[in-house]
Amino acid sequence: MSDIREEIAPKEVDVRPILRSGGEPFQLIMEAVNGLAPGQSLKLLATFRPQPLFRVMASRGFDHEAREIGGGDWEVLFTPQAGAAGRVEVSAAAENPEAWPDPSEHLDLTDLDPPEPMVRILSAADALAPGQVLFALLTREPIFLFPELEKRGHQWVGNFDSTGTAYRILVRAGRPREI
Amino acid sequence: MHGASLSRWTMSYFAAACLFLILGQGMMAAGYGYPTVSTAAPETLALVHVVAIGWLSLLMAGALLQFVPVLISRQLVGGRFAPVVLALLVGGLLLLVSGFVALSGTANLPLGLLPLGGVVLLSGFALLAGVLAATLLAARPLGLPARFVALGVTALVATALLGTAFSLGLSGAVESPLLDTLVGEGIGLHAAFGLGGWLSLTAIGVSYRLFPMFLLAPETEKATSRAVWWSGAFALGLVAACLPLLLLAVAGADILLSLAALLTLALVLLYGHDAIGFYRARKRKQAELNIRASLAALAILAAATLLFLLPPVRAAAGENAAALVYLFVFGWLTGLGLSQLYKIVAFMTWLESYGPVLGRAPVPRVQDLVAERRAFVLFCLYYAAVGAATLSLFGGSAGLFRACVCVQLAATVALVNEFVRARRLSYVPAALRAPAGAVHPRLFLPTFAPRR
């Protein structure tokens, strides 16, 4: 992936109507976040300072800048953090990966031919107790693994290291599901 | 959602594509089209579109629906339109081919089928281009392979627009002197956009991701790879610039086309350099058959491009360099297509069948779904037949050409049979074939049963 950062206008999400009608906008916000282009910011308009959201967004690699815009309303600009390592990818259901327990299992899968790493990770993840975490090291991004983990109710977070040659993934086991 | 899952309709695209490849080669074996008639005859045009749209474009469309998400690590935007695109392309092609048959006078069909087919095909390709463009736009900034796909899709739109204009002009549905000039002068541009821009550049782009993936080679974006992209983009720009020159009867198109041909040669040499680089840097000791067979296709691409640039060879290749176009289409594009299908069908079938039980029960390896030794012989036979058919076109022997195409057809049918065996899990040891929870895939239709 090239490191040229294009200037993309922030995506604007106004959740004030939903909040005023007593609705819950979290789902909508997360959908908007998932739809952001790499490097794109998110501008959120709300009727209060959305303190709890800051933590969730920080776990997804976003800094925030909040300001009151009158009438008790707030505008928050979430900007993706620039880091040396590759952008952190997170599964849709993963909350606060920084609060996950330390991994109870470490897998070095760098010597295996695909799709063997995928098989090993799924096998290990299914063997974990709910809430336990495993760490795995791979040579490339396991594109087909992500949907399979999510289908099985597991959460994951992963990225390339700063050299771009090793992919690191943390998987937290969800509730066991029927086969 | 991040990542890529199986594209539900890709296998249907592949099945239709294989049928059209068999049909196209069957037509040639039966003596339909060039060299029995001229390259511009309606029969030849029918044949060319069965191969270029029915086989190559459906193959590419199906592959992109699966692999664009792999290139950008994101799900397809508008993937639900995949069956609509397939229906429009197959329906439009059948109408178009009927239109060419009407034009040839062999059957009493209305000539209006030709522009109707053109318009239906244009709508199908436009919808496909829309899905791919929306997906790529959402994933900016794009990596190099995805940028190749963007270039290829642009060329596809240009090809389809020109083709539709031809169908309107050829059938007499629209009468205009400008359109007559376009039909007279623009066929070469249509072919360059289609075979060079859409099919070749897209295939090259996807291979920049697939080659390192299958060879376990480091995937770094090199300056030479970027130069390949820029050469392709400039060459396409030059071809596009010829269009107004030809329409306005201004001199200079020849020079632009020669420049585009030289850029193409540079592109092919640089691409060859990169592909050999991936091969040398591979961690997998023995490259799998799909890669070895693809390298043969790549060598043919280099040979066909070089020969095309030598005037005496081009002159000896028959009307419109037909022998070299044949080598390009069946040696390079079809050779690469069959080679990659061999791996892709097995991998997709493996993931569809065993994905739900991975890590929960012993499953076969992807290699267990195929029998490489058998297929190796078939690929050798296929390439040998393509080479012999090309030589027979140079020699001007229609009889020998048909005999060679028969062998080529037989090798193709046998390879398609190998794909079917992979789909049916025929080579998988019985003990591993169906662990509890595995899905038995349908031959070419998506499985609609929801997964728990």
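Each Cβ is built from the backbone N, Cα and C atoms, and glycine gets one as well.
TrEMBL assigns the feature transmembrane segment to residues B:323-342, out of the candidate ranges B:3-22, B:323-342. Within its own chain, the transmembrane segment (B:375-394) has Cβ neighbours under 8 Å at 35, 289, 292-293, 296, 300, 316-318, 322-324, 326-327, 330-331, 334-335, 338-339, 342, 400-401, 403-405, 407-408, 410-412, 414-415, 418, counting only residues six or more beyond its boundaries. Using a cut-off of 8 Å between Cβ atoms, the transmembrane segment (B:187-206) and the transmembrane segment (B:323-342) share at least three residue pairs, counting only pairs 6 or more apart in sequence. With a cut-off of 8 Å between Cβ atoms, the residues of this chain six or more beyond the transmembrane segment (B:84-107) that come close are 9, 12-13, 16, 20, 41-43, 45-46, 49-50, 53-54, 57-58, 61, 113-125, 127-128, 131, 167, 170-171. Sequence-distant contacts of the transmembrane segment (B:293-311), counting only residues of its own chain at least 6 positions beyond either end whose CB sits under 8 Å from a CB of the stretch, comprise 200, 207, 211, 261-262, 264-265, 268-269, 271-272, 275, 279, 317, 321, 324, 327-328, 331-333, 335-336, 338-340, 342, 379, 383, 386.
In this chain, the transmembrane segment (B:50-72) lies apart from the transmembrane segment (B:255-272): fewer than three C-beta pairs between them fall below 8 angstroms, excluding pairs fewer than 6 positions apart.
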